Amino acid sequence: MARGAGLVFFVGVWVVSCLAAAPRTSWKRVTSGEDVVLLPAPAERTRAHKLLWAAEPLDACGPLRPSWVALWPPRRVLETVVDAACMRAPEPLAIAYSPPFPAGDEGLYSELAWRDRVAVVNESLVIYGALETDSGLYTLSVVGLSDEARQVASVVLVVEPAPVPTPTPDDYDEEDDAGVTNARRSAFPPQPPPRRPPVAPPTHPRVIPEVSHVRGVTVHMETLEAILFAPGETFGTNVSIHAIAHDDGPYAMDVVWMRFDVPSSCADMRIYEACLYHPQLPECLSPADAPCAVSSWAYRLAVRSYAGCSRTTPPPRCFAEARMEPVPGLAWLASTVNLEFQHASPQHAGLYLCVVYVDDHIHAWGHMTISTAAQYRNAVVEQHLPQRQPEPVEPTRPHVRAPHPAPSARGPLRLGAVLGAALLLAALGLSAWACMTCWRRRSWRAVKSRASATGPTYIRVADSELYADWSSDSEGERDGSLWQDPPERPDSPSTNGSGFEILSPTAPSVYPHSEGRKSRRPLTTFGSGSPGRRHSQASYPSVLW
């Protein structure tokens, strides 16, 4: 059912106090079948007036769970929120006149009731034999002769079913001699359950159950469940945390604040306690009522960490460090674990969780709804896991044969992509091969040209005079000279040479300006570094071209 913000009915003193300036709303719980006395007339009132009792039934809204709400300036009241869709229109129940109102035939009447089992007794509303359908909001209004009607009191009546009596052994007969068992009911008529005295509301906020250990740390936390504010107010939370160590071991404590948005479509927010301890469960990650469920969280709004704590140095006396997300108008309240809202706006409204970790384990937690009156929603704590959101299933038509799947258009595209990739790789391979071939050719040419440029250069045509100094008339000597090293010359240069031969002309050269040059210069070899390998060119008879 879609629920809007305008379909939410608020029950509590904050509605009456802020909107109608009336006294607080009270709560009354009775058992089915009891006689209930509600809303006595106020003691201080004008003489001429009439009293009007009315009711707004809430029996179709399920169980009502009131919560303690703090108003600013500090004040605590019980309140709850119900969906207007489950409510029926207000109904007048009874009216009383003071002095009595004149009726026809010169008669007077002072009370008038429009419903069975309802009467006015001593200017109080009485419901005889209350039923579960009588649960609702009851109001009393006073109307003066010259004033408009004003509401002076209201009460939320919750009628619970009567407990079923359990049978006792006295209600049955023992087995007789024939083995026949005759059960008989008690002859006494059932007695109505004893009337319970009214229970006053607690004077302190609800205490979150703490974690107790024989060893380790016990944490106590106290907090209000809701704070209502008007836009522009500055206020702070009121969380009290006490850590008691049972041994001398050191420990670390983290106080973590988390915030959750409260959608206007939710009549209440459900906090699944099991998900606080196991937030990674599938039911907690995907609850069926995700918008209105608190089962997992993405980030921490504020963290105050205490390190090096012990029995003798409990928080906040141990080393503390605080971190907070940058939220305008939100800050730490001094050096405590509480938050301060400065010039609060509707954007600050939401459901806040305060969780205490001791050595990375949850030891205590509490929740708090901080909002304006128009944004307020109930916060209900559930002990069980939420229902998991069902997986989406594609709808199928029954008794209809599914058509053959059409050929996918992605097939040709994939084939074209594969062929294109193959052609591209082939082109890259050919290009690489061509580049390598060209590079190798250029390298070979460069080496060849370098070798030809550094080779020996001959400046004379070989003739018979070139070998005159080493020629011999004996054929045998000429033949043997091929296998012997030439003798060392006195004018030989140093053994460190380049290995090339310098040919000097010993006869008239074939080039100009060489006539008359009769000096015979020996052919000198600049040795390669080893005297044994140094030799002259004449040692090897050959023809130089």
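Each Cβ is built from the backbone N, Cα and C atoms, and glycine gets one as well.
According to Swiss-Prot, the feature signal peptide maps to 1-20.
Per Swiss-Prot, the feature topological domain 'Virion surface' maps to 21-414; the stated evidence is sequence analysis.
The region 'Interaction with gI' feature in Swiss-Prot is assigned to 61-86.
Secondary structure from DSSP puts ASN122 (N-linked glycosylation site) in coil. Sequence annotations record features per position, and here Swiss-Prot assigns N-linked glycosylation site to ASN122 (among others).
If you look up Swiss-Prot, you'll see 162-206 (among others) marked as region 'Disordered'.
Under the heading sulfotyrosine, Swiss-Prot lists TYR172, citing similarity to another entry as support.
Taken from Swiss-Prot, the feature compositional bias 'Low complexity' covers 179-188.
According to Swiss-Prot, the feature compositional bias 'Pro residues' maps to 189-204.
Among the features that Swiss-Prot reports, region 'Fc-binding' is placed at 230-375, with the record citing similarity to another entry. Taken residue by residue, the region 'Fc-binding' (230-375) breaks down under DSSP into 15 helix, 66 strand, 65 coil.
Its Cβ placed at the centre, ASN238 (N-linked glycosylation site) has 16 other Cβ atoms within 10 Å. If you look up Swiss-Prot, you'll see ASN238 (among others) marked as N-linked glycosylation site, on the strength of sequence analysis.
According to Swiss-Prot, the region 'Disordered' annotation covers 386-408 (among others).
According to Swiss-Prot, the topological domain 'Intravirion' annotation covers 436-545.
As annotated by Swiss-Prot, region 'Interaction with VP22 and UL11' applies to 465-490.
Residues or ranges marked as region 'Disordered' in Swiss-Prot: 470-545 (among others).
Taken from Swiss-Prot, the feature region 'Acidic' applies to 471-479, supported by similarity to another entry.
The phosphoserine annotation in Swiss-Prot covers SER471 (among others).
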CB contacts for ASN122 (N-linked glycosylation site) [other CB atoms within 10 A, all chains]: 9
